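Chemist: Take this structure first; my questions come after.
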Amino acid sequence: MTAPRIDTETLRRLPKAVLHDHLDGGLRPATVVELAAAVGHQLPTTDPGELAAWYFEAANSGDLVRYIATFEHTLAVMQTREGLLRTAEEYVLDLAADGVVYAEVRYAPELNTNGGLSLAEVVETVQEGLAAGMAKAAAAGTPVRVGTLLCGMRMFDRVREAADLAVAYRDAGVVGFDIAGAEDGFPPADHLAAFEHLRRESMPFTIHAGEAHGLPSIHQALQVCGAQRIGHGVRLTEDIVDGKLGRLASWVRDRRVALEMCPTSNLQTGCATSIAEHPITALKDLGFRVTLNTDNRLVSGTTMTREMSLLVEEAGWTVEDLRTVTVNALKSAFIPFDERKALIEDVVLPGYAAAL
Ligand SMILES: [Zn+2]
């Protein structure tokens, strides 16, 4: 690559915004080991280094279904108040250490009730852990604002319940909604009633679409369900031929619909072949509102700094490109406009100006 190299420490210090990162995919390996021992859950290994490698290897199978199956072991340690408090707090501290100044964390509360917690207790406990993390990060001089997206699992029947929960906790840290889980065979419109409810309540939502399934999934998410953003959306490129945009791709670009793109995760699930050829670069160059995200930091063995470094090293990205996707993320974040504007003007732009 001909782009000038940018050292990792400079990248780590750049202010970052992440819109697509799963709470249950971002645990510290050592924490999984300790919490598993406490609740008597058997792991593939009790060595944190080996466990991290196991996750990465298992997630590298090129199969979204197998990738999702690795979450069994993180979810197993997130069924108690102690487990949720600790993982939520550490989640925030790890983002702060990575230079993240704004994040939207997402998770499906229905997957955290095996230990007897109610859905409401799960949400309240996670918010408590996130708040503790934000207070510690701010005290350490690395403030990070974290909003929560609640997810419904698209292959189960509790999506409407999760949507109600998001609305109920909108003034307590929940800023939006999503559906997660296996995309193929579970189209967004299966949950139309939940999305119509959210629209009536003026509650923003994004939808995982265009990862395992193609254009019809993105079309349904936007034009039938009314999503404001798209999770992944890599297969939108199927509507772009020789640089010419089809109607759906035009809609996404012209209406400034944010694409929450996750390069390493996409390589692992087989919907992209290399960082150099990942659609994020072509879509950025065509003027789409692309954002850069980690998806699952433990499972994908990644961080925002690493994703940035890969794009710089392998796809020729510049610091200006990194600033663009960071500002894009804040423009499409689900927190109020004045807070987004303040983060862009007071934190992100000065941070990049200092680095350039
Ligand atoms: Zn995701």
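The backbone N, Cα and C atoms fix where each Cβ goes, and this holds for glycine too.
So TrEMBL says this about it:
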DOMAIN    15-347  domain 'Adenosine deaminase'
BINDING   His20, His22, His208, Asp295  Zn(2+) binding site
BINDING   His22, Asp24, Gly181  substrate binding site
SITE      His232  site 'Important for catalytic activity'
Chemist: Check Asp24 (substrate binding site) against DSSP and tell me helix, strand or coil, would you?
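Modeler: The three-state answer is helix.
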Chemist: Between the Cα atoms of His20 (Zn(2+) binding site) and His232 (site 'Important for catalytic activity'), find the distance and write it as a whole number of Å.
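Modeler: With the alpha carbons as reference points, the distance is 9 Å.
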Chemist: Where the distance is taken from Cα to Cα, which of the recorded positions His208, His232, Asp295 turns out closest to Asp24 (substrate binding site)?
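Modeler: Going through His208, His232, Asp295 one by one, the closest to Asp24 (substrate binding site) is Asp295.
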Chemist: What Cα-Cα separation, expressed in whole Å, is found between His232 (site 'Important for catalytic activity') and Gly181 (substrate binding site)?
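Modeler: Cα of His232 (site 'Important for catalytic activity') to Cα of Gly181 (substrate binding site) measures 13 Å after rounding.
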Chemist: Can you list the residues of the same chain, besides His20, His22, His208, Asp295, whose Cβ falls within 8 Å of the Zn(2+) site's Cβ centroid?
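Modeler: Sorted by sequence, the hits are Asp21, Gly25, Arg106, Asp178, Ala180, Gly231, His232, Glu260, Cys262, Ser265, Asn293, Asn296.
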Chemist: Return the members of Asp24, Gly181, His232, Asp295 (the recorded positions) with CB less than 6 angstroms from at least one atom of ligand 1, or none.
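Modeler: Near the molecule: Asp295.
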Chemist: Tell me the Cα distance separating Gly181 (substrate binding site) from His22 (Zn(2+) binding site), rounded to the nearest angstrom.
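Modeler: About 11 Å separate the Cα atoms of these two residues.
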Chemist: Given the substrate site residues His22, Asp24, Gly181, which other residues of that chain have a Cβ within 8 Å of the mean position of their Cβ atoms, reported in sequence order?
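Modeler: Apart from the listed residues, the neighbours are Leu23, Gly25, Ile68, Phe71, Arg106, Tyr107, Ala108, Leu111, Cys151, Ala180, Asn296.
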Chemist: Report the mean pLDDT of the predicted model across the domain 'Adenosine deaminase' (15-347), rounded to a whole number.
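Modeler: On average, pLDDT over the domain 'Adenosine deaminase' (15-347) sits at 95.
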Chemist: Write down the Cα-Cα distance for Gly181 (substrate binding site) and Asp295 (Zn(2+) binding site), rounded and given in Å.
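Modeler: Roughly 13 Å, rounded to the nearest whole number.
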Chemist: Give me the long-range Cβ neighbours of His208 (Zn(2+) binding site): same chain, 6+ apart, Cβ under 8 Å, in sequence order.
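Modeler: His208 (Zn(2+) binding site) has long-range Cβ partners Arg154, Asp178, Ile179, Ala180, Gly181, Glu183, Gly231, His232.
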Chemist: Asp295 (Zn(2+) binding site) has how many other Cβ neighbours within 10 Å of its own Cβ?
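Modeler: There are 29 such Cβ atoms around Asp295 (Zn(2+) binding site).
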Chemist: Could you check the recorded positions His20, His22, Asp24, Gly181, His232 and say which one's CB has the fewest neighbouring CB atoms inside 10 Å?
Modeler: Gly181
